[in-house]
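First comes the structure, then the notes that go with it.
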Amino acid sequence: MGAQVRLPPGEPCQEGYVLSLVCPNSSQAWCEITNVSQLLASPVLYTDLNSSINKLSISANVENKYSLYVGLVLAVSSSIFIGSSFILKKKGLLQLASKGITRAGQGGHSYLKEWLWWVGLLSMGVGEAANFAAYAFAPATLVTPLGALSVLISAILSSYFLNEHLNIHGKIGCILSILGSTVMVIHAPQEEEVTSLHEMEMKLRDPGFISFAVIVTVISLVLILIVAPKKGQTNILVYISICSLIGAFSVSSVKGLGIAIKELIEWKPVYKHPLVFVLLAVLVLSVTTQINYLNKALDTFNTSIVTPIYYVFFTSMVVTCSAILFQEWYGMTAGDIIGTLSGFFTIIIGIFLLHAFKNTDITWSELTSTAKKEAVSLNVSENNYVLLENLECSAPGYNDDVTLFSRTDD
């Protein structure tokens, strides 16, 4: 009889569960639990078991924190590259428009010959790769909100390189977006609910997610085939809605492929699992569709409008998909849920300020001078009000005297 094998915290100890063991000769064995029995109440064994569990728990906590920090760094790097890619691609599209070539918003694909557009695409590819890796280390509810940083970077760079003005409202909106993202990071779940391809497959087979996927697919097809040809050039929400709806599938695919890569590093035969190829096909199709319609949105509308609205729609879809598929919200307390929602609504308010007042040319000096003028006018009006009040107070006294005098005569 060999030594006892203790499962780390979080691993289910139930019949039929398959686990991986590393043998002394550097080989790997797969074991299936066939019988589960209770341990005898031995004080020595109980103490030894508690000690081992505590060590494993501490090790698991350290590993979770390490993974969380790695995911945060990758997510921030992703936002920097993606935010820059919007500017580079827009710059390339503007250069093509100045040459009189058919624009992407009109169905043209001449941007494929513009090197600056390719630099932007490469920057977006690096950002998406970092984002891809971030989903393997941290929950989707934590990684996705950090995309608000791309809004900030895109807004700042567009004011410098595209001559798109960023007023005081836009700056306040950027700050609110960062604060909202920080709140969401603090209250986001810090443990992954799906850690293997088998669990991922079970989640994908859930009736709730299947219904969600069918509804999103039908809406996307209606927008692509019917609405986009008629309203795409005049309504910014059409192209962005397509990108956001399809983006929900891309994030789910990225999460699953990230889990597959982690299992591949652990020498598990994931290449034999058909789910890997299904996720890869969905990822390629969804990313291709996103790039196509995002190009049309950027070429047709202002970058400072496209970026924030795309962020709000995309984040909403990802959070919804994450809640349905990965069920990360089930492990959160009521306070964390309220904090996450508050942070997200703070981001939306910041995005609204960035978008709604973008054509309002107001500076900080104008705001301060206006406040001073209002204070002076308020003091003048208060003095006039006091003077009128004194006159009004004296008038009734005079009338009373006259009335009293007339009554005396009577």
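The backbone N, Cα and C atoms fix where each Cβ goes, glycine too.
Look at Swiss-Prot and you will find Asn25, Asn35, Asn50 tagged as N-linked glycosylation site. Per Swiss-Prot, the feature topological domain 'Extracellular' maps to 1-67, 187-207, 255-273, 326-336; the stated evidence is sequence analysis. Summarising the annotation, Swiss-Prot assigns topological domain 'Cytoplasmic' to 89-114, 158-165, 229-233, 295-304, 358-410. Residues annotated as transmembrane segment in Swiss-Prot: 68-88, 115-135, 137-157, 166-186, 208-228, 234-254, 274-294, 305-325, 337-357.
Model confidence over the topological domain 'Cytoplasmic' (89-114) stands at 69, taken as the mean pLDDT rounded to a whole number. Residues in the topological domain 'Extracellular' (255-273) partition by DSSP class (helix H, G, I; strand E, B; coil) as 14 helix, 0 strand, 5 coil. Comparison of 208-228, 274-294, 337-357 by number of C-beta pairs under 8 angstroms to the transmembrane segment (137-157) places 337-357 first. Helix, strand and coil counts under DSSP for the topological domain 'Cytoplasmic' (295-304) come to 8 helix, 0 strand, 2 coil. Among the recorded stretches 68-88, 166-186, 208-228, 274-294, the one sharing the largest number of Cβ pairs closer than 8 Å with the transmembrane segment (234-254) is 274-294.
Nonlocal intrachain contacts for the topological domain 'Extracellular' (255-273), taken as residues 6+ away from its ends with a CB within less than 8 angstroms of a stretch CB, comprise 20, 28, 132-133, 135-137, 140, 194-197, 200, 279-280, 283, 326.
Counting residue by residue with DSSP, the topological domain 'Cytoplasmic' (229-233) contains 3 helix, 0 strand, 2 coil.
Against the transmembrane segment (305-325), stretch 208-228 shows more Cβ pairs under 8 Å than any other of 166-186, 208-228, 274-294.
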